[in-house]
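Q: First the structure, then my questions, so here it is.
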Amino acid sequence: MSRFFSSNYEYDVASSSSEEDLLSSSEEDLLSSSSSESELDQESDDSFFNESESESEADVDSDDSDAKPYGPDWFKKSEFRKQGGGSNKFLKSSNYDSSDEESDEEDGKKVVKSAKEKLLDEMQDVYNKISQAENSDDWLTISNEFDLISRLLVRAQQQNWGTPNIFIKVVAQVEDAVNNTQQADLKNKAVARAYNTTKQRVKKVSRENEDSMAKFRNDPESFDKEPTADLDISANGFTISSSQGNDQAVQEDFFTRLQTIIDSRGKKTVNQQSLISTLEELLTVAEKPYEFIMAYLTLIPSRFDASANLSYQPIDQWKSSFNDISKLLSILDQTIDTYQVNEFADPIDFIEDEPKEDSDGVKRILGSIFSFVERLDDEFMKSLLNIDPHSSDYLIRLRDEQSIYNLILRTQLYFEATLKDEHDLERALTRPFVKRLDHIYYKSENLIKIMETAAWNIIPAQFKSKFTSKDQLDSADYVDNLIDGLSTILSKQNNIAVQKRAILYNIYYTALNKDFQTAKDMLLTSQVQTNINQFDSSLQILFNRVVVQLGLSAFKLCLIEECHQILNDLLSSSHLREILGQQSLHRISLNSSNNASADERARQCLPYHQHINLDLIDVVFLTCSLLIEIPRMTAFYSGIKVKRIPYSPKSIRRSLEHYDKLSFQGPPETLRDYVLFAAKSMQKGNWRDSVKYLREIKSWALLPNMETVLNSLTERVQVESLKTYFFSFKRFYSSFSVAKLAELFDLPENKVVEVLQSVIAELEIPAKLNDEKTIFVVEKGDEITKLEEAMVKLNKEYKIAKERLNPPSNRR
């Protein structure tokens, strides 16, 4: 039974003392605060409480002077109970002795400490453990504890508490221990390794806190009195805001604060915007070029880290990153003879130590300028993928492409000016060359020249390029030489993916702006299609785009058979939009697996302005199918043996079969309907209506040479309509007049003769041209007339019906 309900429960003093500990320290603070307030009350109030208290005490004493504590506050100390023998220490009349409180605190009572006090206590514990380990030469413990106090210092500086004195004492303590120990005396390999590690770390930390260490050496006792080390205010007198914006500003050394920010990057508890604000303040007080360079090399990636979890970097932050990269390049351009940043420099141990000068008097700093430009370009592309392409925001955002291209060119020229080793230069220029081609390969020649001119106009005069010279900018072949030169350099790289990408860029540009046959030969000789399925999705999408552009290039020259052959396999796919990278990013995110990262999904789609119009692709393929399949279909139905055409679900033959089954056939509405009506007119030999339907398709306006293409298309429709007419009516006529056919299809007589003779020879049709070349005489062949065909069909159906109505008697 619980003691609360037991009548004979004996109160145990020992349990009472343990139960008294249940009173939390927060309650004591609350009561002590109320005690200080009660002392300021009026005397009348005090007398009132004193009287009531004395009465209650008298009652208790008279009733049960020896009774144990009882009531709802039985577990409290006597001075806190309203009843039960002890007087309240908060009342003036109580005989409370302050020595009781001191004794209670000495008995191990918990005291509420601030986070700063707890951190200082942890540092003090480290100091004590290192002191003990120093006596036994336990360098493993010293190394671990010195590691711990370094992490505690980072926590203190993140909260802008400065550098505690105890930390300086520990550094001095470990430094003295290192100096007093000889490595030869350490026989254990693990201990010797820990000694070397500690020696390097304490050397670095001591140099970072050189001023504080000097003060400690001069006056060690002063560091026992103050809670934190007082660092001298720098000459610049700048202040750094706290991470929360509410703590008091502190003044610290430039590189000490910069090192703290570098150590804080990547931690989940760090406020990225606070780091950016701190770095921006550091830039306002930087004086030397080295300080500016190191601050920008830290600030730029910090801006990208701040938006790492977003779909794309906000435009205002993107422009800030762009400005920072531009300023960094400007500083590097101005100090190119003194400081250079590249990926092949040696790392430095201490950020405040400038690199040593090489034989040319240049201090080389480890860093990747183009990684910033590349990340900026990726964020730009992501923003285009997430903005509505049909809105004005997309066009406004697209204007920044020129700025990105300018940075790419500036970075390329900086590499050419700073890297002397040819091997290093080729490695460094690979990525800028790929990015330049990525921004221009799909554009027309005029647009590329405009971009190049604008980019070169902002380049300082002292920068020259041996790969893409500015001197040839006014020549007519500048763009061709640019694309070919960049592609040739990249095709010599060891990376096979880069080689294939460079070749595909060149083929696409050639097919779009130049000659189809040249682009086709480049594709066949390069063997770029070999194992293309084994490469990443972006390269496969580029290959599919090249194939489509090659087909469109053939169509512009009215090479119908070539165009149909190129596009047939690609358009047989039911996911044309996906294989061309033209689906929306949102749709990819819904269909992708959970393992696919955001970057992988972004590589599977292209911005809207790079898309190839799908309607144009469809109408080109349907038109090619119309000109090839309609004459062959007519010849086949006329009993002529023709070569089978590869099947395609988007062919005009399938559309006609579906159209003939419709119960209602309305006027044309879609582009497929217009091509379908053009096919029906061609079957009748009416080439004028066929051309009229084709010309009403609005997608032709996307072709740069629309009128030239339509004129060539008209001539081809006339020829194919002539073939269709000849196949349809040769079984009804014994001869065809060349003059009549020329008048009917608006073709020269020699053209009519040439077309029909080639058809007769190819398909082995029993017909020939007379000696005067005016009449085609058709011999009677094996084909049957329409009337005979109908009779055969009717006779077959009659036999089937007769057998069904009158089955044989012996049939089981």
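Every residue, even glycine, has its Cβ placed from backbone N, Cα and C.
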Q: Would you mind telling me which one of Ser38, Ser99 Swiss-Prot calls phosphoserine?
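A: Out of Ser38, Ser99, Swiss-Prot attaches the phosphoserine annotation to Ser99.
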Q: Annotation phosphoserine per Swiss-Prot: which of the candidates Ser98, Ser359 has it?
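A: My reading of Swiss-Prot gives Ser98.
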Q: Which residue from Ser103, Ser222 is recorded in Swiss-Prot as phosphoserine?
A: Ser103
Q: Give me the mean pLDDT over the domain 'PCI' (608-783), rounded to a whole number.
A: 88
